[in-house]
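Report on one structure; see the data block that follows.
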Number of protein chains: 2
Amino acid sequence: MTRKPALAVVGATGAVGAVMLQILSQHADVWGDIRLVASRRSAGRKLAVRGEETEVVALSEDALTGVDVALFLVPDEVSARWAPIAAAKGAVVVDNSAAFRMDPEVPLVVPEVNPHAVRVRPRGIVASPHCTTLAMLPAVGALHAEFGLRELVVSSYQAVSGAGRDAVALLRAQLSVVAGTELGAGPGDVRRAVGDDLGPFAAPLALNVVPWSGTLEEGGWSSEELGLRAETRKILGLPGLRVAATFVRVPVITTHSLAVHARFENEVTVERAHEILATSPGVVLYDDPEAGDFPTPADVVGTDPTWVGRVRRAPDDECALDLFVCGDNLRKGAALNSAQIAEAVALEIGPGAGDRRGLGSGQGPGSA
Amino acid sequence: MTRKPALAVVGATGAVGAVMLQILSQHADVWGDIRLVASRRSAGRKLAVRGEETEVVALSEDALTGVDVALFLVPDEVSARWAPIAAAKGAVVVDNSAAFRMDPEVPLVVPEVNPHAVRVRPRGIVASPHCTTLAMLPAVGALHAEFGLRELVVSSYQAVSGAGRDAVALLRAQLSVVAGTELGAGPGDVRRAVGDDLGPFAAPLALNVVPWSGTLEEGGWSSEELGLRAETRKILGLPGLRVAATFVRVPVITTHSLAVHARFENEVTVERAHEILATSPGVVLYDDPEAGDFPTPADVVGTDPTWVGRVRRAPDDECALDLFVCGDNLRKGAALNSAQIAEAVALEIGPGAGDRRGLGSGQGPGSA
């Protein structure tokens, strides 16, 4: 008997975990056992996956034993502690957190862009990029393959759900305060109305935009802005790529948007860019300015691909394109990309992985 | 007897007109008679200016007779028709519309940046720039004077009030529909909930951002995106300046924000940029990342200056700065800049202008 690989979903009860369970129920089923793991507080809850009610178990060494692939959908510090434990027990870890993204011994993978990278994982860990990087990379990676990327200037329009379920509840509460009022017309009136609890944000988000996300790094940059630069360089294999980004939160629930100015080595045309984007996996080209067609978060939310519109050649630079991209930060930006990586690993280690484990080989697939 | 110059405010009953009447009531009073002019529909209404109830008169040739300075705060087509009539009758026209901005015989003026330009006006018309240009130029112009500007990449976060009072009412109505719901989490759910009336926008704005503002121009560019380029070139006297902009509407009532990547001829430092911005007229530097200080629309609305924060040197380009700027699109972005231009003209033509006119000289100050 050949058994399919066993999967653990660590962080099954969170916002990204919920989307992951949907995806696992919808995608072609490559998994044997699926174990749902969460904090001790959530243990004992039952969640539906592949149509079956499955009991959530508490994160522990036992919970990570006998697993072929472990999806980590948890905060950085939880991944930092537990992912190496899972890897030591033989699982290939697919980590959605920032804990290992810049570790030189951990590949950082966007399956549409650098699928080969998943196979070289000396620590038994594969990292999935930040949601903002993921919103952009399927499109930018495809254009790079044709034109040769030299520089990116990026501005983000980031949804709140990437900051967690409490952040969504906070924005909804703020919207209820301002709706039906004349607020937003006087200095500070929204701030006074919504009160002091701003959650993870530095200012109110209802009727506002907030140019900060992440922690403070040198030179006034935020960790997320520098993260986009570092991650894009690593994924595209371009250590000298010039990247400048300004990250801004906007009052949108889910789906990040980015305005991208991309300068290439070679001359670009909108026609050729359209051909590339229309035929790239994971990308939907939605760009007909005469018909008023371009992506917006309200239409993209809940869908898998990166949507691209407003494709223009820079007026003063025949080697630069300006684009507007939208990607669901909970799907491609988190759960979907991690699921795609895990499925690629499942395909690589094959349906017999469960048997090999069952025989007690002690050889994790990550050591291959 | 010397009389102060007579002013006509054409479009006194609109959104920008309302702010103008506030400004005229607050600023040092350089005006003699102030005549309020609007469409026939609004004639007869009484509005307060300088503490006096003043009756609105209908736009006509008579209404523009005996005026030294005429502020036009009306749509492009109304300015295109009536501003030359006012100028022919001897008034200096200060026009807030797009009708004359790119006319080579009409100066385009930001008083903090190119005040000298106001004096050369062969058509008797001075134009005020678009609100998005104005949100950025006091800061960018000051940095240009020191470092020498070569290129701009700009993304906008534009408020709705620039699209008129109906646009504000529409956003408020949309917010009332989505508040207290779970909308914004599924594809198209906001669009279905708010219905078909999107006003001047191509998509819903509640819980959304919309990457379009203006009309379609060649190459997929919008008129406003190309307008920022043309206006910035004209105001700074840099006909070859490279500019690429993506304009995006956001669910904010008033105050435009812009993420600006500015490349200069010379090396920049954040320290020197701070010194320049802190001492430039019309600019407030609000940039302390350790304290979490940066401008947002909710705090800037209702104030006069351009607020600047998030000043960073590009990580890969010692000649480039990244900034986040906010400016009230109804004040500096419209009424205030036009008032400043008008006041500069009043100073130039002097307090005797009314007397000269009273003597029937027939010489408009614009012909000087």
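Quick reminder: no glycine exception, Cβ is built from N, Cα and C everywhere.
As recorded in TrEMBL:
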DOMAIN    A:6-121  domain 'Semialdehyde dehydrogenase NAD-binding'
ACT_SITE  A:C131  active site, acyl-thioester intermediate
ACT_SITE  A:H256  active site, proton acceptor
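The DSSP breakdown of the domain 'Semialdehyde dehydrogenase NAD-binding' (A:6-121) into helical (H, G, I), extended (E, B) and coil residues amounts to 36 helix, 29 strand, 51 coil. Remark: A:H256 (active site, proton acceptor) has A:C131, A:T132, A:A135, A:S156, A:Y157, A:Q158, A:A159, A:G162, A:P297, A:C326, A:G327, A:N329, A:G333 as non-local neighbours, by Cβ distance under 8 Å and separation of at least 6 in sequence.
Other C-beta atoms found within 10 angstroms of the C-beta of A:C131 (active site, acyl-thioester intermediate) number 26, with every protein chain shown included.
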